[in-house]
Each structure stands twice: as C-alpha cells, then as structure tokens.
C-alpha cells in the first residue's frame, strides 16, 4: 500500500476528511459573546441511558425520560420550567429541552456550595430512581449549545476528551447512590478584551449524604458518606452545586474538538481501504467479463459468415426475445424503485450538506431535519422514476401507480412509528413523538411530498417508458433449472456479503450513535463508505444478472432488486448480534423499540440498495442487448 496510487488515494481522503471536521463551524451557528456578569443559561434535556464506560459494558435501556418527570423530583425554576423551541429533527431524536433553576453568571464563581432546593422523594419514586441508576442513566445539560460532559481519558492513546452527559448516580458497590451535588466547570475564551465565549462545559457529579434537613448551604469540601435512597420510606434530598470558571486557549471555532473524539481512527481507515479494495476487485472483474466474454460473444453473434458450429444461439443471446418481458407485479416493483430513488437522493444530498458543514452539532437534530426536508422535496424524483419504470414494464394503470408511490412507504413508516410511540407512552418515556409533530409530518407529506410525487409521475408518464433494443416473443420460453447459487434467496445472501463487508465497521459506529447515545460525526468516512457500498452493490448485481442470463434465466427484474438488497439481510443479522453483544434490554418496551428501529433500518437499506442493483442491471442489460444484431 506504499505505491503512488495509494499515496494519491490517501491524499484525496485526507483532503476530504479535514473539510468534514472543520465544516461544523462554517454555517449554521454563530458565537454568543458575553461580558462579565452576563447571565449564562443552563438548559436541561431528557435523561438517556448510556454505556457505563468499560469495553464490556452493555446498554440496559432505550427509554428516554423527561428531566422534569415528577418521579425524579429535580429542582424546578421559580414560575415553572419553560420548554425551548426545537427543530423537527431534535424532537424526532427525543430532545426535550427546558429552562433550569441554576443561577450562573459569566466569570462569577461560587466560593462555597450553592443551595438549589430540597426535595421529598417517596419510597415508590426512590425505587424508580434506583432502577434508573442501575440502568446507567445520564443527565444531559446544555450551556451555550454545548453539552455538559465528564472529562475522560482514552486508554489507548492517552488523550483527554469530553464524554457527553454525566451519571444520575452510581452503583459501583451494587448499591445505588444518587448524585445530588454538581461541580460545574465552565471553560471560556477571551477573543478580545472584555468579550468572553463559552468553549467547554464540564460537570463532576457526586453523592453527598449526611444530614439533608438543613436548607443552608453546606460545605462541599467536607467528606460525607454517599447518599442512598430508601425504598421503604420518604427521603429528604438536598441538591447543591458550585460553579468555577477556567480560562482556555481553545477558540470558539474548535470548541467541539474536545467532544468529537475518534477513539481509534485506524479502524476507520482499515475499513475504508478494505472496502476500496473490494470495489476495485469487483469493478475489474466486471470489466473483464464485459471486455473478454461479452465482446467475444457479440463478435460471434454479429459475424456475417457463420460457421457450422455456430448455427444456433447459445448463452445469454438465447433469451434475447424474453429478457424484456414484463415481470410479475410490475406495479410493486416500480413503486419500490421510485421510493428507492427518492431515498437515494435524500441520502446523497444529506451527506453533501454534512461534508460542507451545514450540520453543526450546535444545531441539535439538524441531520434528521435535513433528511426530512430532502425526503419531502424529492417526492418528484420518486414519482418520476416510478412512472417511467412502470411504463417500461408495460403498466397501464398510471393513476394507481402515482397514488401508491406517494403513499405506500410513508404509510408503512407511520404505522411502525405509531406502534413505537405507543410502547414509549406505556413506558412513560419523553421520547414519544408529540401529536403536533406527527401532524406537521403529515402536512409535509400531503401538502408537499405527495403533490411533487404526482408532478414527477406526470412528467415521467409524458416521457413514456424506456425503449428496449430487442422485441419480446409472444410465447414465453421454457426456463431450465437454475444452479443453487443462482436461486433468488441464495444469490441475495451471497451478493449481500460484499456491500455489508464494505460498511461493516462504519455500521458499528452508526448503531452506537443511534442506540448508545454516542455522537457520530465522521461524515467524510461515511460519505466515502456510502459511495463504495453503492459501487459494490451495482457491480455485484450486474455480475449475478449476467450469470442468470447465461443460465437462460430471463426473469432478472425482481432477482436484480433482491440481489441488490441482499445486504439488508446481513444488517438484520448484525443487528441481532449487536443486541446480544452490546445491549442488555430487560423491559419489553426497549426490546420493541430496538426491533422496530432495526426493522426500519433494514427496510430502508433494502429499498435503497435494491434500487441501485435494479437500475444498474437495467442499464447493463440494455447495453448488452443493444450491442448484438437480432434477425
């Protein structure tokens, strides 16, 4: 890997990846300048489960809880907590942000502990809190757009980084202790005299027992036993905090570098290089087949003076009169391809936005918001591709095709989300999508996406179907038995190994981001991996389609879609393995949530990669049969 080509490849990747990292600070977020004694707002977000920290730790729940859930008995500000405006993506990802009672002013430190409030926790609620402590729940605070974090050390590199969120309590001795005191360290940078900016938020929580009756400020430096909650009686709890300010050389533009820590970048590079080797190997294999085998066949078929031993067609030319015969269920196939094209466009544009820096982590939920907006406005792409494919396959019921393209996939997703919301509501989680948000998504769907899909279908139907280079025979040809490895499910599983292998490592980080509350920001790696997966899916599907045609199996349409989407079955298997190895879900609601989200991930991957495989095969088959002369 030390040759010139590898050096150029590495240079190109290094040119992309820093742009992805620095892109966070270009558009989308502006610095907030403070002067001395300006109030600094601290906002609270939902409590989320987190990994305990060790390599062998497992996530124990997937349920988020509102910070001001009455069973936690946290201190509330005077006049009640006020919710903060959030983006569509932020709400969908479970953020519930409220004001807090913490009194923080720029550069005004607390020499002693500050009394926040006292709370009475009944035994029943104490049991609820103890269960959340055992499940490693974390508090999530926000100051100037930065999440509160605990400083930790990477054991492999020795680097210090900020781990977002901090523990509700700890059960190191198999006894749950509630953290009721918070040491808040705010890092600031002074870009010009008298102007200050927040560049880091650290919190060290601790459990302080002893007398909880006194409402005066205690001495935080005195050692006291830890605070355990009794589940048999009412508990009096005193919440305290102390704020200190720490000047930092970190400028505002790079303040997220401490949070966005790559634990082992060599894993990403190894995965990427491995994926590129796979796709290059496949491309070379396809090129050899097309250049040697196909070119030789075309030369024989187009020869004017036929010798005696080439009097009959053989191989893939035998089925030239059947290869463009309409498959079964052309309506379903065209609708799936149309939705797949829409999803492909959404993913591509979202990755471009991420690489250009429009998805700042300060704008919470910006990734999901951009995906929803792109999905809505790319309805025309789905309608166009669906109508053209449907016409190419001989379909005539265009109105039904238009209606199903615009409704079938969103309806299925809504049903799944509604069921998951039902389980979240049963569990008392704040992660359930509010009715107003669901109504907004329906308005986006009916008001924008569906009309655009209809317009795209109209344009596609006006252009008509794709022309085919050969005619279809009136009587279908008999199909000989296919080899075992070319049967639909076998070919799907075999072909799906390569795209899945290309994305295997990045898939782990994406799954950890979705389910383990880990920030994912390596969009440079993700974009390159997505490109490699798309190329791998297209080339391997073309290969299997060619093998099927050589075996006189002309029913390639559904086989190409199924072969292209074969990686979804491996993602499903990996998702189940991830469940067994990284999760320890005890509640039925958490299990239902995980399986529901895993189903959606596999469904979207199947539709996207199936569409790529089908369109690539369609292009290859048309090119193949347009190069021969048929009497």
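Heads up, the Cβ atoms here are built off N, Cα and C, so glycines get one too.
Taken from TrEMBL, the feature signal peptide applies to 1-23.
According to TrEMBL, the feature transmembrane segment maps to 269-291 (among others).
Marked as transmembrane segment by TrEMBL: 332-359 (among others). Residues 16, 19-20, 22-28, 366-367, 370-371, 374-375, 378-379, 381-387, 389-390, 393, 395, 401, 404-405, 408-409, 523-524, 526-527, 530, 557-558, 561, 604, 607-608, 610-612, 614-615 of the same chain lie 6 or more positions beyond the ends of the transmembrane segment (332-359) yet place their CB under 8 Å from a CB of it.
Here TrEMBL flags 365-385 (among others) as transmembrane segment.
What TrEMBL lists as transmembrane segment is 406-426 (among others).
TrEMBL lists 432-452 (among others) with the feature transmembrane segment.
Residues or ranges marked as transmembrane segment in TrEMBL: 489-511 (among others).
The feature transmembrane segment is assigned by TrEMBL to 523-549 (among others).
The transmembrane segment feature in TrEMBL is assigned to 561-580 (among others).
Proximity of distant same-chain residues to the transmembrane segment (592-621), defined by a Cβ-Cβ separation under 8 Å and at least 6 residues beyond the stretch ends, is recorded for 62-63, 323-324, 333, 336-337, 339-341, 343-344, 347, 409, 412-413, 416, 419-420, 423-424, 466, 495, 499, 514-515, 533-534, 537-542, 545-546, 549, 556-557, 560-569, 571-572, 575-576, 579, 583, 585. Annotation source TrEMBL lists transmembrane segment at 592-621 (among others).
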Key: Whether the transmembrane segment (365-385) meets the transmembrane segment (489-511): three or more C-beta pairs under 8 angstroms   = no
Message = Cβ under 8 Å, sequence separation of at least 6 from the ends of the transmembrane segment (561-580): give me the contacting residues as numbers and ranges.
response = 333, 336-337, 488-489, 491-497, 499-500, 503-504, 507-508, 511, 515, 533, 537-538, 540-541, 544-545, 594, 598, 601-603, 605-607, 609-614, 616-617
Key: Within-chain partners of the transmembrane segment (406-426) [C-beta distance under 8 Å, separation at least 6 from its ends]   = 63, 335, 339, 379, 382-383, 432-433, 438, 442, 445, 449-450, 453-454, 588-589, 592-593, 596-597, 599-600, 603, 607
